[in-house]
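I have placed the structure first, in the form of C-alpha cells, so that the comments after it can refer back to it.
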C-alpha cells in the first residue's frame, strides 16, 4: 500500500501527464511552461527516469506544443542532474529535429547545440556525434536539413582529430545532398564552419564545397553561398589567394541569371568589401558595384542603394566623384519609387566624405530633385536626413538651396511629409534667425494649427513652445500667441480645442503677466463653451497654469480669478467636466 508521501510525489507527474494529454492546446502549453517546476519537484533522478522518457514518447502533437517543448529542453541540463547526465536530453530533441515543421526543427537544433556545449568528450563521441551522423543519413530530408545546424557545435567541442575529419566528410555529403532543402541549410552553416577549420583545410575542402554550392542549379542555394565567399575571404586574408579563389565566383554572382542571387550580393556588398581590403576594392569591386547599380531588376538596385554610404567610405573621394556619383545621378530618376526612396535615405551620408564644396555641387541638386519627387516616401526620406547635410554645408546654404522645396512640402497632401517638415522647423529657425523665419515660415507654422490631421496640429503646438524658447517671450507675445488665441472663436470645436492645447503646451515658457493679460481672458470665454470636451480641457489647462503663476510669486491671480472658474466647472452638468475641475481644485489645495 502506497504511503501518503509516495502519493504526493506521484501527483505532479500525474497532473502533468493529464494536462499534456488534454484536448485543449492551451492546457498542453501551460503544462510545458511548468515543466521546470515539475522537474524540480520530481528531482533529477525521476526527471531522467520518468519525465524525459514520457516526453520522448509523447512527441506526436501540434507544432506549437512541440516548438515549446523543444525550446524548454535546451535549458533542462540542470534539471536532469547537470552536465554528467545532459546526454539523456538528446533522444527527445533528436525526434523533434526530425519533425516536418521548420520552426520546431530550428528550436530543436538550437537546444541540441546548447546541450552539446555541456557534454564531455566521452559524451560527445558516444552520444552527440552518432546523433549528428544518424540525422545526416536519415531517409527524410527534414532530418538531414536539421543535421546541418549541428556540425559547428560538434566540431568546435571535439578535441579528437579523427572525429573532426569524420564530421567534415559528413558535412561535405550534405553540401552535395540531392534535396535543395538540405543544401540550403548546409550552405548557411558552411559559412560558419569555415571559421572552425585551418586555412589549409578551408582551401582544400571548403573552397570546392563553395564552388559546388555557388554553381548550384537552384538559385535559393546559390544566393546562400555568397556568405561562404565572405567567410572564405576573411579566412584567406591574402590578396593573391582571394584573387585566385574568389574573384571569378564574385563575377559570376554579379552576373547571375537569378535576380535573387544578385540581390543577395547587393544587400551584403559592404560586408564583402570590408574583408577583402583596399587593394582589391580599388581593383576589383568598383566595377561589380556599378553593374549592380545599373541592374535590370529594381530590387537589386534598391539593395545596392543601401550600400552606397558604406562602400563609398572605403573609396577615395576622387573615385566616388568619378565612378559612383554619375550613376547615383542616373538613379535619381529611376522608374522604381523604392529605388529612389532608398537613395533618399542613404545619399545624405556621403556629405561628410565629399565635404562642403562637392556636397553643394553634387548632392544638393540631387536632394532638391528628390524633394520634388512624386512619391511621399522619397520626400520623407530626404527630409529625415537633412540634418546630416546641414552639418557639412551649413543651414544658410542648405536653406537657400532647399527652402522653396521645404515650404512646398509643408503643404504636402501626405500628412507624414508635413509632420517631418514640422519636426525640422526648430533647427531651421535656430539657424535662420527671427527676421528670416518670420518672413518665410511664420505663417506656415500657424497654418499647421488648423490642419485637418490631429497629429499635425499636435506637432505644431509642440513646435510653438520650442520656437518660444528659441526666439524669446517677447517674440511669442507679439507673433504667435495672438494668432492661436484668435482661434478661440473658431466655429469648429476642434480648433477651439487647439487653442487650449497650445496654452497648456506653451504656458511653462510664459510669465505671470502674459498669462493674466492674454491667456486668462481666453480661458474665461471657453469656460462657457457649449462643448463639454472644451470645458474639461479648460479645467486641465488651469491645472497647468498654477505652477507657472506660483513661480512668478503671484498666487492672487490664481486664487481670485481661476479658482472661482474651477468652482463653477465643478457644478457643470457634464460628469467629465466635474471630474477634471474637481481634480484641478484638489491640486490647488496640495
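Residue 1 is the first one shown; counting continues down the chain.
Placed from the backbone N, Cα and C atoms, the Cβ positions cover glycine too.
Here the structure is a predicted model, which means the values were calculated and not measured.
What Swiss-Prot lists as repeat 'HEAT 1' is 12-50. Swiss-Prot lists 89-127 with the feature repeat 'HEAT 2'. Here Swiss-Prot flags 206-244 as repeat 'HEAT 3'. Among the features that Swiss-Prot reports, repeat 'HEAT 4' is placed at 246-284. According to Swiss-Prot, the repeat 'HEAT 5' annotation covers 285-323, on the basis of a curator's inference. Look at Swiss-Prot and you will find 324-362 tagged as repeat 'HEAT 6'. Residues or ranges marked as repeat 'HEAT 7' by Swiss-Prot: 363-401. Annotation comment: Swiss-Prot describes 402-440 as repeat 'HEAT 8'. Under the heading repeat 'HEAT 9', Swiss-Prot lists 480-518. According to Swiss-Prot, the repeat 'HEAT 10' annotation covers 519-551. Taken from Swiss-Prot, the feature repeat 'HEAT 11' covers 562-590.
For the repeat 'HEAT 6' (324-362), the list of distant contacts is 289-290, 293-294, 298-299, 301-303, 305-306, 308-309, 311-313, 315, 317, 369-370, 373-375, 377-382, 384-386, 388-389, 391-394, 397, 401: same-chain residues at least six beyond its ends, Cβ to Cβ under 8 Å.
If one looks beyond the repeat 'HEAT 4' (246-284) by at least 6 residues along the same chain, the residues whose Cβ comes under 8 Å of a Cβ in the stretch are 210-211, 214-215, 219-220, 222-224, 226-227, 229-230, 232-234, 236, 239, 291-292, 295-297, 299-301, 303-304, 306-307, 310-311, 314-316, 319. Beyond the repeat 'HEAT 9' (480-518), the same-chain residues lying 6 or more positions past its ends with a Cβ under 8 Å from any Cβ of the stretch are 445-446, 449-450, 454, 457-458, 461-462, 464-465, 467-469, 473, 525-526, 529, 531, 533-534, 537-538, 540-541, 544-545, 547-549, 552-554, 557, 561. Proximity of distant same-chain residues to the repeat 'HEAT 11' (562-590), defined by a Cβ-Cβ separation under 8 Å and at least 6 residues beyond the stretch ends, is recorded for 520, 523-524, 527, 532, 535-540, 542-543, 545-546. Away from its own ends, the repeat 'HEAT 3' (206-244) comes close to residues 172, 175-176, 180, 183-184, 186-188, 190-195, 197, 199, 250, 252-253, 256-258, 260-261, 263-265, 268, 271-272, 275-277, 279-280, 284 of its chain (Cβ-Cβ under 8 Å, at least six residues beyond either end). Residues in the repeat 'HEAT 11' (562-590) partition by DSSP class (helix H, G, I; strand E, B; coil) as 24 helix, 0 strand, 5 coil. Residues in the repeat 'HEAT 5' (285-323) partition by DSSP class (helix H, G, I; strand E, B; coil) as 29 helix, 0 strand, 10 coil. Helix, strand and coil counts under DSSP for the repeat 'HEAT 9' (480-518) come to 33 helix, 0 strand, 6 coil.
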